[in-house]
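The domain 'Cadherin' annotation in TrEMBL covers 35-133, 157-242, 243-350, 351-455, 456-527. TrEMBL lists 563-640 with the feature region 'Disordered'. The signal peptide annotation in TrEMBL covers 1-29.
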Amino acid sequence: MVFSWREDLGAQQLLLSLLFLTIWDAGSGHVHYMVPEEAKHGTFVGRISQDLGLELAELVPRLFRVSSKGRGDLLEVNLQNGILFVNSRIDREELCGRSLECSIHLEVIVERPPQVFHVEVEVKDINDNPPVFPGSQKNLFMAESRPLDSRFPLEGASDADIGANAILSYRLSPNEYFSLEKPSDDERVKRLGLILRKPLDREQAPEIFLVLTATDGGKPELTGTVQLLITVLDANDNAPTFDRTLYEVKLPENVPNGTLVIKLNASDLDEGSNGDIIYSFSTDILPNVKSKFHIDPVTGEITLKGYIDFEESKSYEILVEGIDKGQLPLSGHCTVMVEVEDTNDNVPIMEFKSLSLPIREDAPLGTVIALISVSDLDSGVNGQVTCSLTPHVPFRLVSTFKNYYSLVLDSALDRERVSDYTVAVTARDGGSPSLSATASVSVEVADVNDNAPAFEQPEYTVFVKENNAPGCHIFTVSARDADAQENALVSYSLVERRVGERALSSYVSVHAESGKVYALQPLDHEELELLQFQPRQPNPDWRYSASLRAGMHSSVHLEEAGVLRAGPGGPDQQWPTVSSATPEPEAGEVSPPVGAGVNSNSWTFKYGPGNPKQSGPEPKKQTQVSFLLRRKGEASQPRQ
């Protein structure tokens, strides 16, 4: 399809509408648009949010952003309406040179959850470049003795456009001496030249002026011209000739400076200085070729000057001429095509596009932690990249698109066991030997409240005398929580209940932060037979509770003052007390102090489930603390 931008406005709009085609592949997450080069600022390209399946309202909250490799200001997205539009002038020739395919590759990244989409905007060529010759005038020197059908090579024009817009045709101004040899379509090197059709006569026509015109295939067509000034010579009538008109050489990239490319040989039928040949590059040679190669004027050896890089240029066309030393020198020409072979000289490149850190320790399997892109400037297997991961980590790599990987959770996390991981991702190409690059990312595991507090010991035994002072500190319990920060804060409390006519809280209390247990009034074993209490159960939704409480066993023994204390002035007697816990959660077995006789009584209490940690505390299992006081000469059991 050929487009003309010199038509009326309606035709332009029609052509633009034909170009703005969208191809959406929902399975691959890839959107393809087309836009002509030189489109004006604000030109509509596509409804990118709609084509990606995104709602307009979620573009800003999900941190919608677009990035591109190379120039990032050519296209822009209006976040208010989700339209992709042209932001600045797009010159296809500046962007892609002579490449047949020219596209702007965009990466659309959104968060919450992380996603990446690939958008390709194909830039269509328009016929905006005329053919251009290397110079406005070309001087040619020809001996009048040259035979008919002699060929004189010409340098053709170049067109920065592609396709039909770059297909050139040539015509020569009418004359009686020369015809134009035009290149055929199947020729790899397009040869253009003048063919002598009438003998030259210097005395009759010492100079001949011709005009060579190049026309491209665009609609409307564009043209370029060069003036040919032919000077007719009457000496040194044999020009140097090369063995071949085209030499082909393959050369690996990164070969050392000074490497021999080829040794050329030309011959001249003349004798003496007229047959001596000087080799040189043609004046029409491109600057980048001249900067890479050197030719010896005497031997004809072409050597490498500097270094060649496959990623910079895959081939070089070297135009060589051999000029004899005649008073009026003649020249012969040939072309050397150097094909650069790729070697594995570029390491893979990795880039972390998005990171979702830290990751919660209760995150489900398959959670995406990072998006990784890889690339390699080499070609073929040298540019094929595979990624691997540090062994023995709970993560794996999933290939999403070509050269894109997702780092996902592969097994359950436990912050209390491992709080962070250093994950090394290695990208390795397919070359031999292969090259690799490694990048590391630190994955921090965020704590969730999945551990109940645990006491330091399963049972506490404390000796307390009766008739204690109010507020007396009896003992201290201590619990630890394996979680972090606020999830590790432990508070202590008791469940309120009635003991006879009085509330439990009138007898004992526990400090919520320190775990200190206090007797709030003097304890008298003659008045109090049994005191039972239990700690407050944890929040049933314990997994996300800000405060967790676990059970424990404790025993507090109160000894009668008259039993523990000897006569006036005598020493205090510390009698051992024997107590044991039974398997039942609300009962206990208490025995009097050894050697204390029947006049002693004891106060024993237990609390806490005392069971291994399950998936969560069970609210129905209550654990009590019992204060048991035996009267003199009696045996008492805890009340049911």
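Backbone N, Cα and C atoms are what each Cβ position is placed from, and that goes for glycine too.
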DSSP on the domain 'Cadherin' (243-350): how many residues come out helix, how many strand, how many coil? 8 helix, 48 strand, 52 coil
DSSP helix/strand/coil residue counts for the domain 'Cadherin' (351-455): 4 helix, 54 strand, 47 coil
By DSSP assignment, list the helix, strand and coil residue numbers for the domain 'Cadherin' (35-133), in that order. 12 helix, 37 strand, 50 coil
According to DSSP, how is the domain 'Cadherin' (157-242) divided among helix, strand and coil residues? 4 helix, 36 strand, 46 coil
